[in-house]
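Swiss-Prot has this to say about the protein:
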- K67, K68, R227, K228, K262, R276, S340, F341, V342, K343: substrate binding site (BINDING)
- R148, K201, H208, R227, 251-254, 260-262, S278, D323, 335-337: ATP binding site (BINDING)
- 25-38: compositional bias 'Basic and acidic residues' (COMPBIAS)
- 39-52: compositional bias 'Acidic residues' (COMPBIAS)
- 934-951: compositional bias 'Basic and acidic residues' (COMPBIAS)
- 21-53: region 'Disordered' (REGION)
- 385-456: region 'Polyphosphoinositide-binding domain' (REGION)
- 912-951: region 'Disordered' (REGION)
Amino acid sequence: MSVSATENDVPRFFVGCEESDELLDQSKPENLDNLYEHTEDEEDEEDDEYDSPPERQIVVGICAMAKKSKSKPMKEILERLSLFKYITVVIFEEEVILNETVENWPLCDCLISFHSKGFLLDKAVAYAKLRNPFVINDLNLQYQIQDRREVYRILTNEGIMLPRYAVLNRDPNKPEECNLIEGEDHVEVNGEIFQKPFVEKPVSAEDHNVYIYYPTSAGGGSQRLFRKIGSRSSVYSPESSVRKTGSYIYEEFMPTDGTDVKVYTVGPDYAHAEARKSPALDGKVERDSEGKEVRYPVILNAREKLIAWKVCLAFKQTVCGFDLLRASGQSYVCDVNGFSFVKNSMKYYDDCAKILGNIIMRELAPVFHIPWSIPLEAEDIPIVPTTSGTKMELRCVIAVIRHGDRTPKQKMKMEVRHQRFFDLFEKYHGYKTGKIKLKKPKQLQEVLDIARQLLVELGQNNDSEIEESKAKLEQLKTVLEMYGHFSGINRKVQLTYLPHGCPKTSSEEEDCRREEPSLLLVLKWGGELTPAGRVQAEELGRAFRCMYPGGQGDYAGFPGCGLLRLHSTYRHDLKIYASDEGRVQMTAAAFAKGLLALEGELTPILVQMVKSANMNGLLDSDSDSLSSCQHRVKARLHEILQRDRDFSSEDFEKLSPTGSVSQIKSMHFIKNPVKTCDKVYSLIQSLTSQIRQRMEDPKFADIQLYHSETLELMLRRWSKLEKDFKTKNGRYDISKIPDIYDCIKYDVQHNCSLKLENTMELYRLSKALADIVIPQEYGISRPEKLEIAKGYCTPLVRKIRSDLQRTQDDDTVNKLHPLYSRGVMSPERHVRTRLYFTSESHVHSLLSILRFGALCDETKDEQWKRAMDYLNVVSELNYMTQIVIMLYEDPNKDVSSEERFHVELHFSPGAKGCEEDKNLPSGFGYRPASQENESSKKHTHANDSDEDLGVCRRDEPDRALVMFKPMVSDPIHIHRKSPLPRSRKIGSVEVLSDNNSHLRTARLLEQKHIGLGFELYSMVPSICPLETLHNSLSLKQVDEFLSAVAAPSSDYQMDTPTASPSTPGFYTYVGGRKISLNTYTPTKILPPLFPVSTDVEMSDSVFQSCSSTSMVPGLAGSADNTERNHQAQDD
């Protein structure tokens, strides 16, 4: 929202009384004299003021019971509404409403009035008739909202789906409406039979005593719902008979998986939705750590958005709440509550005030001759200028993101032979597949119980068979007892059947070999998202909003509000996918929390908003099964790094055939790999020695390590690395280098309070080794990198291609039906977002595909050459690494033109390292097409060549820094108060230009320093800004590239595919016209297959089939069924 104010402006926000009438009269225009009581003197004053001319004030009256008008949500919204320059808010006192005649009520131009218990609706109706103000929520229809029978009648007339119901009216004057026959497991109401379970609702909407009756097969009885009392919202009763007095609605019980959806509209074009635990479930109100009822964020589908539109208009309630039941793939309205606010959502308060203010100003500004027009918000029209000076519309954002900061991953192997382990193995059907994974809390508890029992037995007798594993049993017990509870996402146990026992190859196993069957128990723990990782993800989510239209707007005092408005006004189609690793899923949830300004715990967000993508290998890979190419690569890597001599020129060619600057730099730093490993090993020995000293030192007795780790666990972590890194034959296990780097990076960042010596030296040496080992594990030569990358990423590449091409979902998911979109500004404009959260392997692999898959020709494309030079310098793809693809559409170009669609590619290597590197690689900044255009204006010529990009290089990172260095707000207290700047009035016509950007930058940096005192921030590395790799790719070029990469290996070639339905040579005939279909022509802009009449409401099925690519055979080109399967996931 535009902001126009001075420091002297203060919100005009006061409680009305009889004395206030005179004050209010002074703000009335003379042409409305007949509506208000005036004296001649007051009229003369008004004439003088009008000639001045004065600032006319629109008075908004709040007429409701004090409990409602002075509630926290109402105060929050009115406080924001008062910031409008021309709006003054007056609250009618409850005593005045109840005891004064309507002639003595305060005057207002706009009335917000609504019924609640004790409210005199008749008087409010009389006041509206007397004064004729602009009414936000229709008063007469509020009578009908109080009667569930009338509510259901209106909903039925509007074609809104309801549960099947019948009305029992116990009215002596209408005996035909009171036919009730009750059976053991059913009731018959006026000829309509309802089998148990069914619902019995009083016809009065003010009576919340709703009963649900259960069948005898389920135990009978009933659940009695009521208004929340403390922590209860229902109780179970053994009573199975229906009530015999009063009138009721009987309806079919809808199975909803234990959640109800509550929808809150502000006008027909905005709806906020939340899910809560159904009160019918167990009656226990779920509350979060702050004592608030847990509400789950919800994305409404197209039908639900249309329902919200209809409900708002049918009941003439601008601000309206209603309840949805999601059951059997449908959505049913079961209650309409009238005037209702969301609780505890600052984002909703901001949105509600803004929309109400605009509605009021739009209606009354012309009457008062106020020079006001509804501000054109950046987020209302998602269009950006490009380098060529044209306007392009953001259509799609795809991001692949690595998880946030995590604890070190740890693993322990032990061979077990006790019968209790075999019993557990058999219980979970291990003999069918030869292995089982135990992750659920109940399963882990069983393993812990076995470990405890065996250790007790060891204490009672010296059973040598068990004694051999005592230390490992102790560790198994210690790890499973960590945190005091099982969450199911941070520990797991694998059991593998070994018919002839375990082959003894590791230094940690005994030398003898037994031939009888055994089980290999592998305990994995750690690798969980840290509190710092959650902050990283949430803050990056906030920063991510800035990439969307309106992202630079300053409304509400925080950047990125454009995305939030886009999301809530039905024009954002968002889906978030995550692999099945706990750290990845929690990163996705934290990111979603920041992206959409959600509140509360992460678990409800995870449950409702993050889709698991592990069913088809989209984001997961079986790390236990390496490809033959990976085995060859690892063997060659280990061989080169085991040579006790300085790297030769031949070694440089063998290890870095791609010419990676970062790897060559590390090799120069290492010189002799074995000598460097010797240093690393001695430093680890020193570290374990220091930890033992700390354990014996009383000063460190109560020290609290990061994330509840103890000194004992820290010692075990390093002792195991010390033991495993150097094998019995004196050679080093190179595969342990990533683990060593992982651990020292974690301790340097999080456990610096121990003040261990030489940790930074160990960090530098292990990082140099890891910078060689980690990237090369995904291939050394280009062909190897591509082969391994395809093994990891082919399903994801197919899905990305599908996201860019197939947009039929956009027409049915992310906006209103066109027939109902006439009131929405730019209803066709919408953005599709797909976020994929995954682990390091997929990020490395996808980047390899982009770098080495021949997307562009470096010799001919200077921008791509510079991008490749930048990537060559990047040494590590750290936590929160991002690869972002953005698709724009120019609606002014022909549908078959290659210029219609425009793709941009951006990249960030994620979190910065523990040691500030002065030579940190710097690209050319974040340069979306919109900013390129601004830069071009600064130059004397309009050429958009790459040379110009180099000139503006130094300016761009500053902008990127503001946007993607996300340490700007305190994540713990982010919703402590409204982010709105309270001292300013929100005006209507001032637009923040780029000239104000330096002020915004200063404010963001100032905010950043405020949060630096918080303990968590010292542990959260800032994230490298996004760098633009390319900002002028065509969709055709990207699509053909992705198609070639995703093709089977035998067909894989980087040449353009031959003519097929997905190439420019393919034509189809639609309505007698020949239409050229290109890979760069998504179905969204194809002409309709038959004329659509606007006079008849189109059914959902027809609408979907009209949008579906199945109507145009072969449009997807050579993509196989896997791509279509991934697309089906989006539904």
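The backbone N, Cα and C atoms fix where each Cβ goes, and this holds for glycine too.
Recorded features from Swiss-Prot, shown on the structure.
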{"residue": "R148", "record": "ATP binding site", "DSSP class": "helix"}
{"residue": "H208", "record": "ATP binding site", "DSSP class": "coil"}
{"residue": "R227", "record": "substrate binding site", "DSSP class": "strand"}
{"residue": "E251", "record": "ATP binding site", "DSSP class": "strand"}
{"residue": "D260", "record": "ATP binding site", "DSSP class": "strand"}
{"residue": "D323", "record": "ATP binding site", "DSSP class": "strand"}
{"residue": "V336", "record": "ATP binding site", "DSSP class": "strand"}
{"residue": "V342", "record": "substrate binding site", "DSSP class": "coil"}
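Mean pLDDT for the region 'Polyphosphoinositide-binding domain' (385-456) in the predicted structure: 86. Relative to K262 (substrate binding site), the binding-site residues R148, E251, F253 all have Cα atoms farther than 10 Å away. D260 (ATP binding site) sits 15 Å from V342 (substrate binding site), taking the Cα positions as reference. Scoring each of the binding-site residues (H208, R227) by how many neighbouring Cβ atoms lie within 10 Å, the top position goes to H208. Counting neighbouring Cβ atoms within 10 Å of each of the binding-site residues (D260, D323), the lowest count belongs to D323. Among the listed binding-site residues, namely V336, V342, the Cβ with the most fellow Cβ atoms inside 10 Å is that of V336. The DSSP breakdown of the region 'Polyphosphoinositide-binding domain' (385-456) into helical (H, G, I), extended (E, B) and coil residues amounts to 29 helix, 25 strand, 18 coil.
When the Cα of F253 (ATP binding site) is compared against those of the binding-site residues K67, R227, S340, V342, the shortest separation belongs to R227.
Largest Cα-to-Cα span within the substrate-binding set K67, K68, R227, K228, K262, R276, S340, F341, V342, K343: 24 Å. Cβ-based crowding with a 10 Å cutoff singles out R148 as the top-ranked of the binding-site residues K67, R148, K262. Straight-line distance linking the Cα atoms of V336 (ATP binding site) and V342 (substrate binding site), rounded to a whole number, equals 15 Å. Between D323 (ATP binding site) and S340 (substrate binding site), the C-alpha separation comes to 11 Å. A gap of 20 Å separates the Cα atoms of E251 (ATP binding site) and R227 (substrate binding site). Within 10 Å of the Cβ of E251 (ATP binding site) there are 23 other Cβ atoms, across all protein chains.
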